[in-house]
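Asker: I grabbed these lines from TrEMBL:
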{"type": "TRANSMEM", "residues": "B:12-32", "note": "transmembrane segment"}
{"type": "TRANSMEM", "residues": "B:38-55", "note": "transmembrane segment"}
{"type": "DOMAIN", "residues": "B:72-255", "note": "domain 'ABC transmembrane type-1'"}
{"type": "TRANSMEM", "residues": "B:76-98", "note": "transmembrane segment"}
{"type": "TRANSMEM", "residues": "B:110-132", "note": "transmembrane segment"}
{"type": "TRANSMEM", "residues": "B:139-158", "note": "transmembrane segment"}
{"type": "TRANSMEM", "residues": "B:178-203", "note": "transmembrane segment"}
{"type": "TRANSMEM", "residues": "B:210-230", "note": "transmembrane segment"}
{"type": "TRANSMEM", "residues": "B:236-254", "note": "transmembrane segment"}
Amino acid sequence: MLEVKSLEKSYEKDKPALTDISFDIKPGTFVAIIGPSGAGKTTILRSLNQLIKDDGGQILLDGHDIRTANKTELRKYRRQIGMVFQNYNLVERLTVIENVLHGRLGYKSTLAGVFGRYTQAEKEEAMSLLKKVGLENFALQRCSELSGGQKQRVGIARSLIQHPKVILCDEPIASLDPASAQNVMELLKDLTEEYNLICIANLHQINMAKKYADQIIGIRKGHLVFDENADMLSEDILKTLYDQDITKELE
Amino acid sequence: MQSPVKYLSRKGWHQTAIIAIIGGIYVFGSWILNFDNLNGLLAIPKAFAWLGVNFRPNANTMEYLPRILQKLIQTVLLAIASTVVAAIISIFVALLGSKVTGINGFVQTIVRGIASFFRNIPLVAWSMILLFSFKQSDFTGFLALLLMSIGYLIRAFMEIIEDEASETMLALKATGASYFQVIFQAVLPQILPSILSWILYMIENNVRDATLVGILTGTGIGFIFDIYYKSFRFDAAGMTVLAIIFVVIALEIISNQIRKVIL
């Protein structure tokens with residue numbers, strides 16, 4: 001269970017980026033955060049694993065507040081929270097399997113991590129996850145040789161090997177072609193059910209959000225304006241969310 | 001709103017004005033310096049003819065060749081050694097000073113200051129200063145090249161880290177990896193090709209600069225060039241220059257091949 005209570009953040013004084021954001025997410029739920037560019041979607045997502053330090057509120061993962069954690073505790077929380085990026089953020093020169101194994105670093109001693117010493121079990125798990133995302137034949141290829149969709153699936157495997165409770169996806173399909181985008185969204189949706197995950201994705205594509213998400217959170221100018229089941233998202237709400245009639249652009 | 005036609009004609013006018021100003025500065029400068037353009041231009045072919053006659057190696061020059069080659073190898077090794085040591089020092093300092101991997105703003109400012117200090121004192125000045133402390137030896141030349149290279153490499157490495165490593169670094173930080181794990185598993189592998197490319201460039205550069213440093217500190221290929229030149233053995237001096245050119249071009253070809261393989 002992830003509970004966010006009255007989250008606040010401002011980058012400049014008197015210009016709040018987030019104001020009083022509160023929502024709950026149950027395990028096994030695929031959540032889409034939608035809203036115009038600059039509304040604060042990325043700020044919310046990155047506050048959830050404290051890559052951005054927010055100014056106030058509570059972020060409770062199974063009842064423990066991530067915000068008050070010290071450095072060592074924060075490492076332990078972060079390894080339970082996977083993250084998938086728009087630009088994949090892989091080490092392009094390393095092989096696919098090395099990038100997947102990076103997801104284990106949070107569990108290793110500093111020295112073992114520095115030298116990249118992984119256990120047999122970890123390597124086997126990496127291979128089985130690559131099989132799951134359909135890349136078992138690419139394990140020893142350099143990531144720079146992969147297509148965008150393949151890179152994103154490596155990114156997803158990297159987050160899964162963390163044994164996460166939560167996966168945060170920052171615009172996971174914004175750089176992908178439509179077919180790869182469908183593919184990645186379906187994968188995320190399936191994994192959410194299979195592993196009983198909380199999967200939170202920032203999306204610009206409202207049709208994708210409607211199609212795949214269980215719950216939709218709408219953000220406008222740093223305020224939460226919508227937090228309901230996906231089928232409750234109406235044209236009226238989209239109008240207030242985006243300040244204009246964009247329903248025509250759907251389909 | 002300005003009309004596009006007006007904007008474009010104004011832009012054309014600006015360009016003409018800039019060219020006229022640059023031309024004007026040249027004419028004005030020549031006038032102040034009493035520089036005779038026509039005679040200056042006419043002297044060029046004559047100067048090259050003189051070079052061709054006097055600096056052309058002849059049959060007797062061959063006896064100098066073993067000594068030239070020995071000094072040349074020494075100089076190339078010196079350039080490689082100074083670059084490699086500079087690179088090792090620079091990579092650690094750059095990690096401390098870059099915006100993405102750095103410790104804090106204070107250290108970043110200090111590192112930037114150090115890099116710019118080493119870079120902005122000319123190589124000639126370094127050689128002369130170090131000559132007093134370390135006397136006429138290979139070590140003086142090594143040190144002068146080292147300090148200069150450190151100045152350039154710290155700056156270049158910091159920019160590489162900031163450009164190429166920030167995204168992967170963020171990803172690994174998000175998995176709960178510790179600082180050193182992120183550095184060794186994400187930052188260093190990611191930046192390695194660019195770093196190597198810079199090291200190769202610096203080696204080429206240092207072979208050229210080592211010649212000048214040699215003249216000043218009395219070591220390596222620069223030293224024997226200086227001796228031959230000052231004792232009017234122009235054919236041997238010409239041979240030395242040819243040898244340097246040959247080595248620099250060869251190094252460039254080799255490093256381009258290496259770049260092709262690693263990038």
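Each residue, glycine too, has its Cβ placed from N, Cα and C.
Source: prediction; values computed, not measured.
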Asker: Can you tell me which of B:38-55, B:110-132, B:178-203, B:210-230, B:236-254 gets the most C-beta pairs within less than 8 Å of the transmembrane segment (B:76-98)?
Answerer: B:178-203
Asker: Taking residues 6+ outside the transmembrane segment (B:210-230), which of them lie with a CB under 8 Å of any CB in it?
Answerer: 64, 67-68, 71-72, 74-76, 78-79, 123-124, 127-128, 130-131, 136-138, 140-141, 144-145, 236-237, 240-241, 243-244
Asker: Take a look at B:38-55, B:110-132, B:178-203 and tell me which one has the most Cβ pairs under 8 Å to the transmembrane segment (B:236-254).
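Answerer: So the stretch in question is B:38-55.
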Asker: So which residues does the transmembrane segment (B:38-55) touch in its own chain, when a touch means Cβ under 8 Å and the partner is 6 or more beyond its ends?
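Answerer: Those are 234-235, 237-238, 241, in sequence order.
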